[in-house]
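Inspection log for the structure reproduced underneath, given as structure tokens.
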Amino acid sequence: MDYGMYFFEHVTPYETLVRRMERVIASGKTPFQDYFLFESKGFGKVLILDKDVQSTERDEYIYHETLVHPAMLTHPEPKRVLIVGGGEGATLREVLKHPTVEKAVMVDIDGELVEVAKRHMPEWHQGAFDDPRAVLVIDDARAYLERTEERYDVVIIDLTDPVGEDNPARLLYTVEFYRLVKAHLNPGGVMGMQAGMILLTHHRVHPVVHRTVREAFRYVRSYKNHIPGFFLNFGFLLASDAFDPAAFSEGVIEARIRERNLALRHLTAPYLEAMFVLPKDLLEALEKETMVSTDQNPFYVTPEGEARQAPYKG
């Protein structure tokens, strides 16, 4: 009989993923969240935040390439980039692969977790925090944007989902926040973001985010990719007022990958463009969605995976 250690991740109250743990690397509680890092046979190191898997060593490159490069490659010359969240440093790592980048500002509220990543997760950041183009700001992203006058060519939003009615991240998923992001984009700028899992039990989460972003930007395009460490598809968004980010001109993405000499492990130009081809049921869900998340009534995700709205009382 196997008496090993196991981590149980409750996707909903009715579905659970079980992972065997080889050893515990680090665990603790910051002012913002609980963290737990363990070693597994299948996926290497696994980062848990508030009891949910956030990233795994073996496949993090799939998630981070999917998040970062569509936005970076649709922009002809991204020089200044803002990253909202992204505590492990892998989003920053991927942004800095683009030689056009002169400055990349990463704003994360949880400085303690960033230090955990620096110490225990070098496979993710790979020294990105030490790059002279990188600027790390420990602050609430909304407060930072309300205070700064800096503008960016690309903004990448890499946040945890707003799970739970008391989750302060809810205020980073509102139309007012997306308008604030847009106000800090240079002309021709683009926003890219993680936009929730695409799962039958969570069928409205991505459509609600998409519908909300549409209130702030002229062009909004969804795309998706399978993330093995999550055992499901994740949704992402590109948004811009200047151009349709999914209207790919033939050969442009491939040419930019070649010109920038990008060392990609997962994405190719054809695959990147194919991620924007969505199935009929998802297209219909995006078309039918009416919920818009606002500061007065921000949305949140219930333990069952439902999208709900309620005033934030935090």
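Sequential numbering from 1, following the chain as shown.
Cβ from N, Cα, C; glycine included.
Per Swiss-Prot, the feature domain 'PABS' maps to 4-241; the stated evidence is sequence analysis. For the domain 'PABS' (4-241), the model's pLDDT averages out at 92.
Annotated S-methyl-5'-thioadenosine binding site per Swiss-Prot: Gln33, Asp108, Asp140, Ala141, Pro168, in sequence order. The DSSP secondary structure for Asp108 (S-methyl-5'-thioadenosine binding site) is strand. The Cβ of Asp108 (S-methyl-5'-thioadenosine binding site) lies under 8 Å from the Cβ of Gly85, Gly86, Gly87, Val114, Leu136, Val137, Ile138, Ala141, each of these being in the same chain and 6 or more residues away along the sequence.
Within its own chain, Asp161 (spermidine binding site) has Ala169, Gly196, Met197, Val205, Val301 as residues 6 or more apart in sequence whose C-beta sits under 8 angstroms from its own. Under the heading spermidine binding site, Swiss-Prot lists His64, Glu88, Asp158, Leu159, Thr160, Asp161.
The active site, proton acceptor annotation in Swiss-Prot covers Asp158 and is backed by sequence analysis. Under the three-state DSSP scheme, Asp158 (spermidine binding site) falls in the strand class. Around the Cβ of Asp158 (spermidine binding site), the number of neighbouring Cβ atoms within 10 Å comes to 22.
The number of other CB atoms found within 10 A of the CB of Gln33 (S-methyl-5'-thioadenosine binding site), across every protein chain shown, is 21.
Between the CA atoms of Thr160 (spermidine binding site) and Asp140 (S-methyl-5'-thioadenosine binding site) there is a gap of 14 Å. When the alpha carbons of His64 (spermidine binding site) and Asp140 (S-methyl-5'-thioadenosine binding site) are compared, the span between them is 22 angstrom. Calculated from their C-alpha atoms, the gap between Asp140 (S-methyl-5'-thioadenosine binding site) and Glu88 (spermidine binding site) amounts to 16 Å.
Between the alpha carbons (Cα) of Gln33 (S-methyl-5'-thioadenosine binding site) and Leu159 (spermidine binding site) lies a span of roughly 13 Å. The two recorded residues, Pro168 (S-methyl-5'-thioadenosine binding site) and Leu159 (spermidine binding site), have Cα atoms 11 Å apart. Within 10 Å of the C-beta of Glu88 (spermidine binding site) there are 26 other C-beta atoms, taking all protein chains into account.
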